[in-house]
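Student: This is the structure I have questions about; it appears just below.
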Amino acid sequence: VFILLFPQTWKLADSLYTCKVLVVGAGGIGCELLKNLVLTGFKNIEVIDLDTIDVSNLNRQFLFQKKHVGKSKAQVAKESVLQFCPSANITAYHDSIMNPDYNVEFFRKFMLVMNALDNRAARNHVNRMCLAADVPLIESGTAGYLGQVTVIKKGLTECYECQPKPAQKTFPGCTIRNTPSEPIHCIVWAKYLFNQLFGEEDADQEVSPDTADPEAAWNPEEATARASASEKDGDVKRVSTKEWARSTGYDPIKLFNKLFKDDIMYLLTMDKLWKKRKAPTPLDWTQLENKASPQEESPASGLKDQQVLGVWGCCQLFKHSVETLRSELREKGDNAELVWDKDDPAAMDFVTSAANLRMHIFSMNMKSRFDVKSMAGNIIPAIATTNAVIAGLIVLEGLKILSGELESCRTIFLNKCPNVRKKLLVPCVLDPPSKNCYVCASKPEVTVKLNVQKTTVLSLQDRILKERFGMVAPDVQIEDGKGTILISSEEGETEANNSKYLSDFGIRNGSRLQSDDFLQDYTLLINVLHTEELERDVEFEVVGEAPDKAPPPQSNPEEVNSITNGNKDSAQPSTSSKGQPQTRKTQKLPDDLQFTEKPSLYCFFYY
């Protein structure tokens, strides 16, 4: 009787049984999503995830148990979900979705793709693959109490890249090395220090005082003569940090005095830096040891990771972590390198102690190990219930698509606080594609401002095409009438060009480059705008990009109060390319998530 009355229900049930679904990601959202899919009736599911299970996953990724630690997330998720529905046909891939094996033809075999990712690069890639394959994509993300689900369909809705996302937050090198003013500056410095001492050295991650700081108008020769740093092993030497550390046998006390005494005394000679700032205070191991009280060494009450150690406690932790990391290096053999991992106790102890000592030197409140780990590991607090709500909404949107009701699909926001209509879940109508999108427009095109005499071919490939524009394997030719190949995705074909400058190939102001990514079935035209006026440490700019912080549009009180997370101070409205204020509000969040909300007429539509 039910089927006779509701024939569309029978059609939907049949669709669930026959359609193929791809789930990208088997983490916090992915676990909940896979369980929801099989319990809803989906029978043909493929899931892909590159990660293995970590102990820290177990508090919210319920498909995993302690015995699974170290195993493939995708494979274990498949095995666990089959216990809910043994008749389901699930294929698991322990691999990266950006692997060339998962090409456009691979995506075309699915009726739905559902994202449960945690990084922007993979989101961009899946977005482009679904556009190329013309397969509906359900995009999602969570950050603490906040969550978002949206539907992307080629030609009908905005794609993931239609709205500009805020750039990853970076800090000028001179701020990190000379004038830190926030705890995060010290934590970044400590992570750089770990790599310089124990890992792969990177010239861009130097930790010694920056003598080229434009704020420091001083005479280096005079400053060196005035610096009262010792002439022993702890003295400041312009040599490789790792070389110097090895020459001391990774002596923790010599390392301490160089980093927290001699380098700081060297910074103090840069007089101009401290005219409007509080000058740093050097630390001396011997003096601290003589002043240390027994109470400082006794553990305080409460959870160990949430205790804030005193200065001498940080000194002891620094010494112990250096000794442990030194032993790990020796065990690995000559020229070995360590990789920083937030879940490696010794590495985390080193960063916690070094960052806190630097915070103290620059008059900041020190942080607990838990706080440092959260910032150093770029960890967003993960809440199991948020993941569960978002996974449920993904399936509901999927059911609409399979029922042929794409027009009823919505972008849905899960907020921390109720809006003015007392709703935590706020659905909004899907926006049409942006005409200026450099991904889903009919002929994607951008203008990039750079210095052709200073930008290398390798920088164009890695920093601009791959990092900024999300390409995986770009091929680039110059539109010079000859079809000159600048970059080839075939290994070895154009490697000789990498160190050359763009100007060496006749590229100048007004030149056009055609970049093709055959894996993504994507072509981008790049107009080159030569300039010699870029800011320091800025390699290029994309012309016409919306700024991260635009002036807020005029809003009525109701609009102001309906911001995504209920806090108007944290919302940042985007700007229209036509200069008109938009009703869309954007909020800058960590983990590459962009949450948007419109004061919509559809707030009464809810689940």
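Using N, Cα and C of the backbone, Cβ positions are placed for all residues, glycine too.
In TrEMBL, annotation is done automatically, which means it is predicted and not curated.
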Student: Scan 203-241, 476-514 against TrEMBL and say which stretch is down as region 'Disordered'.
Tutor: 203-241
Student: Taking just the CA atoms, what is the gap between N119 (ATP binding site) and C159 (Zn(2+) binding site) in Å?
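Tutor: Between the alpha carbons of N119 (ATP binding site) and C159 (Zn(2+) binding site) there are 16 Å.
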Student: Measure the Cβ-based neighbour count of N119 (ATP binding site), defined as the other Cβ atoms within 10 Å of its Cβ.
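Tutor: So the number of other Cβ atoms within 10 Å of N119 (ATP binding site) is 10.
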Student: Nearest by CA distance to G25 (ATP binding site): which of the recorded positions is it, out of C159, C174, C437?
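Tutor: Closest by Cα distance to G25 (ATP binding site) among the recorded positions C159, C174, C437: C159.
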Student: Within 10 Å of S96 (ATP binding site) by C-alpha distance: pick out those among the recorded positions C159, C162, C174, C437, C440, and say none if nothing qualifies.
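Tutor: Cα filter at 10 Å returns nothing.
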Student: What is the number of other Cβ atoms found within 10 Å of the Cβ of C437 (Zn(2+) binding site)?
Tutor: 16
Student: Where C440 (Zn(2+) binding site) and C174 (active site, glycyl thioester intermediate) are concerned, what is their Cα separation in Å, rounded?
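Tutor: So the Cα of C174 (active site, glycyl thioester intermediate) lies 39 Å away from that of C440 (Zn(2+) binding site).
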